[in-house]
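> What follows is a single structure, and I will ask about it in a moment.
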Amino acid sequence: MESRDREPLVRKTSSSYHTFPEGTARRLDKEYLRSLHNKRLYLAVFAAVLGNFSFGFALVYPSPVIPALEAHPSPALRLDQHTAPWFGSVFTLGAAAGGLSTMLLNDCLGRKLSIMFSALPSALGYALLAGAQGLWMLLLGRVLTGYAGGVTSASIPVYISEISHPGVRGMLGACPQIMAVLGSLVLYALGLVLDWRWLAVAGEVPVLAMVLLLCFMPNSPRFLLSQGKEEEALGSLCWLRGEDTDYAREYEQIKDSVRKQSRRVSCAELKDPFLYKPILISGLMRFLQQLSGVTCILVYLQPIFKKTSVILKAEYDAALVGLVRLSAVAIAAVSMDKAGRKILLFVSAGVMLVSNLTMGLYIHFEPASHNGTVANTTLASAASHPAEPTNYITLIPLLATMFFIMGYAMGWGPITWLLMSEILPLKARGVASGLCVLVSWLTAFTLTQFFLPVVNAFGLEVPFLFFAVISAGNILFTGCCVPETKGRSLEQIEAFFRTGRKSFLR
């Protein structure tokens with residue numbers, strides 16, 4: 001009876017799909033959201049984001065490992081000031097290659113199978129790290145885990161955005177960042193008690209769990225429709241929403257959108273603002289996100305704390321920062337669908353600006369005597385010396401880093417990935433998401449590769465002041481270029497870029 005009573009409303013919504021009347025659309029969305037009891041959607045998201053857990057774990061693997069390898073008794077495994085930057089940065093080079101290959105994988109295999117495919121290089125990479133007998137095995141292991149991270153970082157946000165309801169897409173879209181942060185935090189915590197080889201063994205666990213769970217999850221309904229598999233797409237949406245929901249209305253909207261974008265994107269079509277504007281916005285967001293310095297700070301977190309000689313041991317400081325990062329991204333997940341994307345991006349960039357400026361000015365003006373025994377050493381070698389802080393003012397680097405990570409995790413961490421998956425048009429989503437990830441990790445590789453040489457040549461304050469300038473630019477970019485997508489379906493967002501009418505996002 002309830003289904004029949006809703007049929008007139010469904011027809012009304014279908015006929016007014018392109019105009020989105022304010023009252024009717026909101027009432028239907030609220031009714032549909034209330035009926036969203038099915039927990040299978042959240043299980044599918046959890047299975048996918050285990051890939052992000054592994055990505056976060058692998059990304060910060062050098063933080064506790066570089067100090068251990070610099071003091072390793074075997075010359076074949078010992079890192080020095082030349083090899084340590086490569087061990088830290090080559091992961092991002094692998095991630096760039098992963099993002100490049102995902103341009104094809106996302107559209108050929110589909111989002112789910114692309115995520116599952118990443119398990120192969122990830123498991124092999126961790127095995128090489130665990131059994132490494134020489135530097136080449138360490139670097140190859142980092143490249144392979146980086147490649148897997150590039151694939152997952154391009155595929156998982158797209159998969160989640162395409163299976164999520166607009167009312168919870170912001171919260172679920174933050175889950176990849178939450179799991180990446182959790183993976184980093186677990187790495188920092190395990191680094192306190194495990195040898196570097198056993199850390200690599202521990203990294204295999206989430207990879208295997210991800211593959212097993214994803215075997216039972218459906219593919220994206222949008223991807224299935226793009227492949228002409230209509231019955232399978234309807235079954236997938238029914239599984240994700242539940243049989244007692246009005247999923248047929250959403251299916252017709254998705255089908256209508258896919259039908260309009262059935263052809264593959266051509267080079268001539270890239271001149272259309274409908275395509276190039278969202279791609280350009282997404283690519284610039286990924287570029288600016290990395291230029292803010294987050295990857296450098298996370299990869300070299302313990303050496304940075306050693307260099308600035310904070311009041312606590314560097315390994316405990318790193319774990320504390322990871323905990324703060326997890327709390328901040330959880331706050332973002334809860335508030336993203338209420339406060340909106342843009343306000344969180346503004347707050348995030350503002351906090352990062354103040355934090356980087358504080359860190360840079362502290363390092364520049366603080367007397368060398370407050371930096372203990374490592375004031376005049378290189379950043380890499382500082383990691384192997386015990387810190388002997390002589391003044392409580394050395395808490396400033398810890399607090400500044402904590403606030404930077406908190407600010408990043410509230411906005412420019414999770415929201416850039418979410419917006420990328422939201423605003424990219426369906427016909428170019430697979431290719432464009434891979435391109436954005438390629439831009440992101442090539443930028444990250446460049447920064448992490450040159451971070452240590454710049455620090456050794458000009459001082460630790462220079463990169464932090466540069467990151468502060470970029471954070472100021474992020475504020476301007478958010479205000480001028482980023483659309484608000486809170487509570488809007490992917491079809492509404494596409495309509496906005498197609499027509500340029502802001503009424504589609506109101």
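Glycine residues also receive a Cβ, built from the backbone N, Cα and C atoms like all the rest.
Pulled these from TrEMBL:
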TRANSMEM  41-63  transmembrane segment
DOMAIN    44-486  domain 'Major facilitator superfamily (MFS) profile'
TRANSMEM  83-105  transmembrane segment
TRANSMEM  117-138  transmembrane segment
TRANSMEM  144-160  transmembrane segment
TRANSMEM  172-190  transmembrane segment
TRANSMEM  196-217  transmembrane segment
TRANSMEM  343-365  transmembrane segment
TRANSMEM  395-419  transmembrane segment
TRANSMEM  431-452  transmembrane segment
TRANSMEM  464-482  transmembrane segment
> Would you kindly check 41-63, 144-160, 343-365, 431-452 and say which stretch has the most C-beta pairs under 8 angstroms to the transmembrane segment (464-482)?
343-365
> State the non-local partners of the transmembrane segment (431-452) in its own chain: residues 6+ outside its ends, Cβ under 8 Å from one of its Cβ atoms.
81, 84-86, 88-90, 92-93, 95-96, 98-107, 146, 150, 153-155, 157-158, 265, 278-279, 282-283, 285-287, 289-291, 293, 295-296, 299-300, 378-380, 420-421, 424-425, 463
> Which of 41-63, 117-138, 196-217, 343-365 has the most Cβ pairs closer than 8 Å to the transmembrane segment (172-190)?
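By Cβ pairs under 8 Å, 41-63 leads among 41-63, 117-138, 196-217, 343-365.
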> State the non-local partners of the transmembrane segment (395-419) in its own chain: residues 6+ outside its ends, Cβ under 8 Å from one of its Cβ atoms.
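Same-chain residues near the transmembrane segment (395-419) but 6 or more away: 153, 157, 161, 169-170, 173-174, 176-178, 181, 281-282, 285-286, 288-289, 292, 294, 297, 301, 304-305, 308, 310-312, 317, 320-321, 324-329, 331-333, 336, 341, 344-352, 354-356, 358-359, 362-363, 366, 474, 482, 485.
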> Mind checking which residues of the chain, 6+ beyond the ends of the transmembrane segment (343-365), have their Cβ under 8 Å from one of its Cβ atoms?
292-293, 308, 332, 335-336, 396-397, 400-401, 403-404, 406-408, 410-413, 415, 459-462, 464-465, 467-468, 471-472, 474-475, 478-479, 482
> Do any residues, 6 or more residues outside the transmembrane segment (41-63), come within under 8 Å Cβ-to-Cβ of it, and if so which ones?
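Apart from its flanks, the transmembrane segment (41-63) reaches 87-88, 91, 112, 115, 118-119, 122, 125-126, 129, 142, 145-146, 148-149, 152-153, 155-156, 159-160, 163-165, 168, 172, 175-184, 186-188, 191, 199-200, 202-203, 206-207, 209-210, 213-214, 216-218, 240-241, 295, 298-302, 318, 322.
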